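Record features (Swiss-Prot):
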{"type": "TOPO_DOM", "residues": "1-9", "note": "topological domain 'Cytoplasmic'"}
{"type": "TRANSMEM", "residues": "10-30", "note": "transmembrane segment"}
{"type": "TRANSMEM", "residues": "59-79", "note": "transmembrane segment"}
{"type": "TOPO_DOM", "residues": "80-87", "note": "topological domain 'Cytoplasmic'"}
{"type": "TRANSMEM", "residues": "88-108", "note": "transmembrane segment"}
{"type": "TRANSMEM", "residues": "113-133", "note": "transmembrane segment"}
{"type": "TOPO_DOM", "residues": "134-144", "note": "topological domain 'Cytoplasmic'"}
{"type": "TRANSMEM", "residues": "145-165", "note": "transmembrane segment"}
{"type": "TRANSMEM", "residues": "180-200", "note": "transmembrane segment"}
{"type": "TOPO_DOM", "residues": "201-266", "note": "topological domain 'Cytoplasmic'"}
{"type": "TRANSMEM", "residues": "267-285", "note": "transmembrane segment"}
{"type": "TRANSMEM", "residues": "302-322", "note": "transmembrane segment"}
{"type": "TOPO_DOM", "residues": "323-328", "note": "topological domain 'Cytoplasmic'"}
{"type": "TRANSMEM", "residues": "329-349", "note": "transmembrane segment"}
{"type": "CARBOHYD", "residues": "357", "note": "N-linked glycosylation site"}
{"type": "TRANSMEM", "residues": "364-384", "note": "transmembrane segment"}
{"type": "TOPO_DOM", "residues": "385-404", "note": "topological domain 'Cytoplasmic'"}
{"type": "TRANSMEM", "residues": "405-425", "note": "transmembrane segment"}
{"type": "TRANSMEM", "residues": "433-453", "note": "transmembrane segment"}
{"type": "TOPO_DOM", "residues": "454-555", "note": "topological domain 'Cytoplasmic'"}
{"type": "REGION", "residues": "492-555", "note": "region 'Disordered'"}
């Protein structure tokens, strides 16, 4: 398996994000379908011949999936430690498939829909921990951030596709309108479960389990280098020594992730993922219909498609920001800009969108849509993908699965709070809710400045060293620059030594060949002399390299 194919497969694991986006992106449209409402809504208006949901029923149908995600995120750790990330991803993909099957066959009980959404949440929550963690362990550090960011790209892409599917199926007769959406979601789960079987296991997990030869082979395939390569040997020995040091303390217990050396990172990961949701990105998708109606638009499915397209298109900006602007700056300035967007959105919505006589100001609605789109652009280039990157690369291997579970549970806790409580709060204060989100974004900006350290381009082992040091978060970029400078210098020195040693070997070969010709030896014996003379030299060169005390070059 060459490097390109393996890289494609590592990106393919972001299909886990596709499952999340497909499920969350389809439910709002499905709830608005006439046939679905007639079967599962709890309110009927005979005058208008229409169905609707009570606040409690709507909160349960939209919010309980996040409760399932919270449970699934915590459940992923014991599975990872027992069977590894690869087969854990396969297992929880199966859980998601079963959940979608329950949803497809949910007639006429709304309780079955509720159970199906909770079970789907368990699968999605576990996959949201496993997939970014797997990608962080397998991807090279130079592109690790971009690879993990593809999780968010897949998620937003799936939400757009789901909105388009809903728009195309909502006019179908009877149950086909919503069963089609659930059925297609089930196909995505099958695709992931089958595809993951072709992925290599994480080398760090294999070394952790004592399967060194298998780990070394996978590392060689990923880098397209031989096992004797200094880069491979250095990386392998670094990972192995770090694992041995970490495992010297025995199997990590849950209480240890709140111990002195690790609780800072545990809390940081949890807070980043919690505020990733509390800053209000999903609010726009839940209440886009109201805003778009203010502009005169009546199609309830079109707003989801428009916002989904913006959400998906702008997420590609994260591929640039993550590995060029780093981790801290996009989060700090992104949240500050989002605070401004929400403040203007709330002010216009509260004062201008709806008049007392019930009419709406189309210009006010247009302004709100513009700032909704600006918010989504900023979010998709910063907080959207960056949370998964931080969770994937911040924790040491001994605690990684447990810390990632706790951190990701913050994401689903925040999502649950938004989806469950927003209907009640919005009914009470309307667009003033935007002021609250503006304050949360501003707080998030300061939180990142004082807590998160810059980790752009660092290996997972260097990230661990950084957080174990006393370097202040706002000074951590200096550490990153020093590491990058040292790495570039080492690479140039290594290339220079390789050229010099290669010249020396060629000179020896020519000398031996000339001596062999003078002695009138046959071609076969001459060849044997050259090989026997060169091989020890290559071995000596290799040994000399590993004796040097120099900073490693990482793949």
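Including glycine, each Cβ sits where the backbone N, Cα and C put it.
With a cut-off of 8 Å between Cβ atoms, the residues of this chain six or more beyond the transmembrane segment (10-30) that come close are 36, 61-62, 65, 89, 93, 96, 117, 120, 123-124, 127-128, 130-131, 134-135, 138-139, 147, 150-163, 165-167, 170, 178, 181-182, 184-185, 188-189, 191-192, 195-196, 199, 282, 285-286, 301, 304, 308. Away from its own ends, the transmembrane segment (329-349) comes close to residues 272, 279-280, 291, 318, 321-322, 364, 367-368, 371-372, 374-375, 378-379, 381-383, 386, 430-435, 437-439, 441-442, 444-445, 448-449, 452 of its chain (Cβ-Cβ under 8 Å, at least six residues beyond either end). Across the topological domain 'Cytoplasmic' (134-144), DSSP classifies residues as 6 helix, 0 strand, 5 coil.
If you look at the transmembrane segment (180-200) against the transmembrane segment (267-285), you find fewer than three C-beta pairs under 8 angstroms, all six or more positions apart, and that falls short of contact. Averaged across the topological domain 'Cytoplasmic' (1-9), pLDDT for the predicted model comes to 64. Stretch with the most C-beta contacts under 8 angstroms to the transmembrane segment (405-425), considering only 145-165, 267-285, 364-384, 433-453: 267-285. Where the transmembrane segment (433-453) meets the stretches 145-165, 267-285, 302-322, 364-384, the count of C-beta pairs under 8 angstroms peaks at 267-285.
Listed as Cβ neighbours of the topological domain 'Cytoplasmic' (134-144) (distance under 8 Å, sequence separation of 6 or more from its ends, same chain) are residues 7, 10-11, 13-14, 85-86, 89, 150-151, 200, 202-205, 222-223, 323, 389, 392-393, 457-460, 554-555.
Only residues 6 or more beyond the boundaries of the transmembrane segment (302-322), in the same chain, are considered here, and those with a CB under 8 A from a CB of the stretch are 25, 28-29, 145-146, 149, 152-153, 156-157, 159-160, 162-164, 166-167, 284-285, 288-289, 291-292, 330, 372-373, 376-377, 380-382, 384-386, 389, 456. When Cβ-Cβ distances below 8 Å are used as the criterion, the topological domain 'Cytoplasmic' (80-87) is approached by residues 129-130, 133-134, 137, 196, 199-202, 205-206, 209, 251, 401 of the same chain, each at least six residues removed from its ends.
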